[in-house]
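Colleague: Here's a structure for you.
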Amino acid sequence: MAKVGDVEIRPPQPGFRRESDDAKAAASIAGGTSAADGDESGGGIKMKKELGLMDGVAIIVGVIVGAGIFVSPKGVLLYSGSIGQAIIVWILSGVLSMVGALCYAELGTMIPKSGGDYAYIGEAFGPLPAFLYLWVALLILVPAGNAITAITFAQYLLQPLWPTCEPPYESVRLLAAVITCLLTAINCRNVKWVTRVTETFTGMKVLALLVITGAGAWHLMSGHTELLEHPFANSKLQPGFIAVAFYNGLFSYSGWNYLNFVTEELKDPYRNLPRAICISMPVVTIIYVVTNIAYFAVLPPDEMLSSQAVAVTFAEKMLSFMAWTMPLFVACSTFGSLNGAIFASSRLFFVGARNGHLPAALSLININCLTPIPSLLFLCALTLLLLFIRDVFAIINYVSYVEILFIFISVAGLLRLRQKAPDAHRPIKVSLVVPIVFLLTAGFLVIFSVFESPMEVGIGTLVILLGIPVYYVTIGKPWSWLTHKSQVFNAFCCKLFLCMPNSEKLE
């Protein structure tokens, strides 16, 4: 046994998993029982259910609508070859995301746990596949995405100060680090503050997109329709190009599953989770399609493909002396998106630690704020580390394949659970046609991506496979000294952050 202060900590079995003795020890370390009085076990606390329907809608829209639609919607056009085909890809990408979101609505109401894909894969296929998702999210998906979003925010906020050149590298990375720490502090302090920030900046980014669509509509009504007269000229119909075009489209819609990461904090999730999905996805799809039509009406394809920031180029043509506002709108969009991503993705690590797949310290909750402070700080540290890697943007090349692969596995888990637990309570039960259509489409994208981007697929697969030995070393047959150190660290975090173990009781 390890002794920290006056408390003895028993090593958990197996791996990093925390036992009941550890919960009692952590409770005594936290110094007081007032925060946990309402918990029948007396061994922990749980986070409040503070998210309503509109909070859920704001989180989904806020995370999906990041910098991509402002900065680089040109990926779909590049691989589609024509304006008409690109618009079709945008529409179908939204429809496919909606189909996937409906599958997640069934999974989220059947398994009302936070953690999203991690929880669903674990229920359907067991702990190893769930750990591999957590492993990839830890190394690639979450911190790299957050780092790139923070860097994009800094670049566009600083751009008006350096109008004729790129802002200095050090200034961009320093501001990105500051904003990451600021949003982490807000997330640590109060969930209500997080939702207010998300709602405010979601409104601002929707306003910016309405400005773009309004300017595009005015341009079209003025008779400037020449760029849309031959919409399907130069279309690329090869399956490989279509697959990559859809990859780019689906990547712009990524984030529709983030509300499933925080199911346990959602009021009445059986009603609000599917409602939030059904409201937000059509809204995002309509906004994306009309915004791209506005871009195509004003910018020739060659100019759009050569632009470093499509929305800024559009504003320079259409907004005259107000063009300087577009970089600020992009910055606001990324700020809100980063805030929502930090809030949702920190719960992934929190749930992983609660299940014994990460150090137990990451599943602790602050007794005053009722937020997972250790998990938030862990995510912040990972993001800051990647901020100071110069070629962090190269990591994004491997994200799309890995993300669509695990979404494919999650939806396949829906069919597996229909067979494994046919009598389980399902407040929402989609037709079998819905997951089958999604799986066929996602399978097409995964298969053809092997031929179009073999290096990215190979490296992404290698990263996934490297998680298998890590699982058996830390979880399957853990080293005794590793579990000992984990418990010492757990007790230290309890004292340092005034935290207690989580005692969430799922309905």
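A Cβ is built for glycine as well, from the same backbone N, Cα and C atoms used for every other residue.
Found this in TrEMBL, in case it helps:
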type: REGION; residues: 1-22; note: region 'Disordered'
type: TRANSMEM; residues: 51-71; note: transmembrane segment
type: TRANSMEM; residues: 83-105; note: transmembrane segment
type: TRANSMEM; residues: 130-154; note: transmembrane segment
type: TRANSMEM; residues: 174-191; note: transmembrane segment
type: TRANSMEM; residues: 203-221; note: transmembrane segment
type: TRANSMEM; residues: 241-261; note: transmembrane segment
type: TRANSMEM; residues: 273-298; note: transmembrane segment
type: TRANSMEM; residues: 318-344; note: transmembrane segment
type: TRANSMEM; residues: 365-389; note: transmembrane segment
type: TRANSMEM; residues: 395-417; note: transmembrane segment
type: TRANSMEM; residues: 429-451; note: transmembrane segment
type: TRANSMEM; residues: 457-475; note: transmembrane segment
Colleague: Is the transmembrane segment (130-154) in contact with the transmembrane segment (365-389), using three or more Cβ pairs under 8 angstroms as the rule and ignoring pairs under 6 apart in sequence?
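Modeller: Judged by the Cβ rule, the two regions touch, with the required three close pairs present.
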Colleague: Per the definition of 3+ C-beta pairs under 8 A with sequence separation of 6 or more, do the transmembrane segment (83-105) and the transmembrane segment (203-221) touch?
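Modeller: No, these stretches are not in contact.
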Colleague: Could you check if the transmembrane segment (203-221) is in contact with the transmembrane segment (51-71), meaning 3+ Cβ pairs under 8 Å among residue pairs at least 6 apart in sequence?
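Modeller: Contact confirmed: at least 3 Cβ pairs fall under 8 Å.
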Colleague: Within this structure, do the transmembrane segment (174-191) and the transmembrane segment (429-451) have 3 or more Cβ pairs under 8 angstroms, counting pairs 6 or more apart in sequence?
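Modeller: Between the transmembrane segment (429-451) and the transmembrane segment (174-191), contact is absent.
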Colleague: Is the transmembrane segment (130-154) in contact with the transmembrane segment (395-417), using at least 3 Cβ pairs under 8 Å (sequence separation of 6 or more) as the test?
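Modeller: When sequence-distant Cβ pairs are counted, the transmembrane segment (130-154) touches the transmembrane segment (395-417), since at least 3 lie under 8 Å.
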Colleague: Taking 3+ C-beta pairs under 8 angstroms (sequence gap of 6 or more) as contact, is the transmembrane segment (241-261) in contact with the transmembrane segment (130-154)?
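Modeller: Judged by the Cβ rule, the two regions do not touch, with the required three close pairs absent.
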Colleague: Check the transmembrane segment (51-71) against each of 130-154, 174-191, 273-298 and return whichever range has the most CB pairs under 8 Å.
Modeller: 273-298
